[in-house]
Amino acid sequence: MVRMTGLMTAAIALTLALGAPIAADAKDYLLGSQLPLSGNLARVGQGMSEGIAVAVDLANRQYAGKHSFKVTTIDDETSPAKGVAAVEKLIAQGAVALTGGYGSNIIGPASEAAQKAGVVYITSGGVTPDLTGRSYKTFFRINNTEGYAKAMIGLLGDMQVKKVSVVYLNKEATSNLAKQVQADLSAKGVTVGMHEFDGATSDFKPLLNKVKLQDRPDAIAMVGYENDYVGVLRAAKVLKPDVKAVVGVWSLATAQMAKEFPDLMENVFGTSMLPYPVEFTQPEAIEFSKSYSRLFNKEPDYLGQFGYVQTKLLIEAVLRADEAGTLDKGGLADELRKTDAQTLIGRVTFDEKGDNPNFSHRMGQHQQGKVVLVWPRDAANGAMNFPARPW
Amino acid sequence: MLSLTLQALFSGVLAGGYYAMVAVGLALVFGTMRIINLAHGELVLLAAYVAYAAESQYGLNPVMAIPFALVIVGASAALVYALLSRIDQDREINSLILTFGLGIILTNAVLMIWAADIHSTTAPWFQESVVVADTLFAMRSEVVFFVGGLVLMAGVHGWLNHSWQGRAVRALSSNRNAAKLMGVNPRRTEILSFLVAALLATFAGIAIYTGKTIFPSLGHVMTVKAFIITVLAGMGSIPGVLIGAVMIGCIESLTVTYVSASLQELAGMILFLVVLFVMPSGLFGGRKAIAR
């Protein structure tokens, strides 16, 4: 018994002796994440949360023994009111900063709650200009409408189309992007027909029939979400308008769509940072891909990539602010504003409004079950099929 | 102009067929029990997901999944009925709360089992074009399930009017106490109406899976649409449901064609409110409207 007590005392003493210096420097950081994990935006919310988890996992490996990071996620159920409640709860739980948010109408009030509490909120889930137009000190965003519009306009410019029909969802972010595309195309002398639809629309044939019989465009540009794209493409497949290309934006040129709707996707263009199958060459990207596959047993997609980048930048800024002793004094926003990093989505810096002026997306095309990057030319890993319809 | 109008009407009629298949089940249960089953859309969704699981995991054609979906949806409907039948007080309001809660549970169960990704059949046969007179366009699934839905609804209508059990459903709807005195077993009749509603929900779910996209929050959307159509038709009127559904489908489709696709839901609601303003009991309404 005495021997046992002695051994235990020695073990405790040894542990304290070895652990003391580490414990003195090591810090645990709690990050908060408010995301739609149920409701209409559940899929995209889940995608972003996976990217956030990868960033935290890699940070914990990188700083093992020195710092540890934990993320607490609250489901906002795709509801603005619950988004605000989630942010307030996360801040009350001691989150040093918030990463997440999907849907401009949810991010708006949620980030306002964070601003009132003086807590940094970083996102890639809301691209409307109104979010950064508020010039909140604590709000940051790594992507924006301009970057998506640049990619779509660039591709349509390369195609030299003269008439485009823009079919867009009447949500804030999609409307803003569609109107920016319209303005940019019109400025280049392209005739643009605008067709707004509601989220409840499931039969697009009457709308596509107008496009076919009245607009007679060279290309159809879709701005919406996955179920909208499927509806539009199915209607187009039935009506067969005489177009040269069908172009979309987010959630379209993805592995998920290639696997789920192979008969609809062939030759369709959409924004995509990554080709499919994913080809990573940079060490950081390979590490990201490995961690993602290990955690989720699948290949990463663009949602995970954006979630990863925003959280990685946030973690780096948290460490810098803590090192400077300003983390508890509102210094995190200043540190984040100093960011100038090459990331998986390109260069990221933040302007005075918290927006990333460098953001420009890439365009991919579904080709025989793969997604080939076709724009810009310096990022392309294949040639575009043009003219080419999905049917 | 004529081509646009004809296509709009054609699409509207086919959309109305989808709406009617979902709404008839809701109307049947309401007619029998005076209960609005707010989990009905989720039962439709469940059928659609069973078809998805059968196709993605076992390579079954969605139509071949109907028996499996029917068993699962029928069992779920029976469970909903078992819980509803335990309500003793304030049946109408408590049943609304209960079925609304069950709808949320079903939606989240679907979300947990199948995740939030959108799905639809991968069988290209259902998406092939059907072209009538080089002017009217539809997907094969829309036409097949519209015709199938009509046959099924006619069958339900015939069953209600010409079979003993159907007459028992109508008798219960008309006067519960008198029906009991005439030897109608209310519990057996009520569960029968739930099972027939489950059959309709199964067929509607398979139709939606083959012609549209499915995702977990779709069930609630379908319940709301079915409820609007049921009230528009006149609570409990099954032929009225078909006509009301086609009216809603056509007004939405014409709004998309001539005004804006953004306003299609609003146009449907305006039609709904105008009809209720002029005919407060709905198009074919009345307290005892079932199967008229």
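Start at 1 and count along the chain as shown; that gives each residue its number.
Cβ from N, Cα, C; glycine included.
As written in TrEMBL, here are the features:
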type	residues	note
TRANSMEM	B:6-28	transmembrane segment
TRANSMEM	B:35-52	transmembrane segment
TRANSMEM	B:64-84	transmembrane segment
TRANSMEM	B:96-116	transmembrane segment
TRANSMEM	B:136-160	transmembrane segment
TRANSMEM	B:191-209	transmembrane segment
TRANSMEM	B:266-286	transmembrane segment
Leading contact stretch, B:35-52, B:96-116, B:136-160, B:191-209 vs the transmembrane segment (B:6-28) - CB distance under 8 Å: B:136-160
Contact check, the transmembrane segment (B:136-160) vs the transmembrane segment (B:96-116), 3+ Cβ pairs under 8 Å, seq sep 6+: no
Positions on the same chain near the transmembrane segment (B:96-116), where near means CB under 8 A and six or more residues out: 35-43, 45-46, 49, 52-53, 76, 80, 83-84, 87, 215-217, 219-220, 223
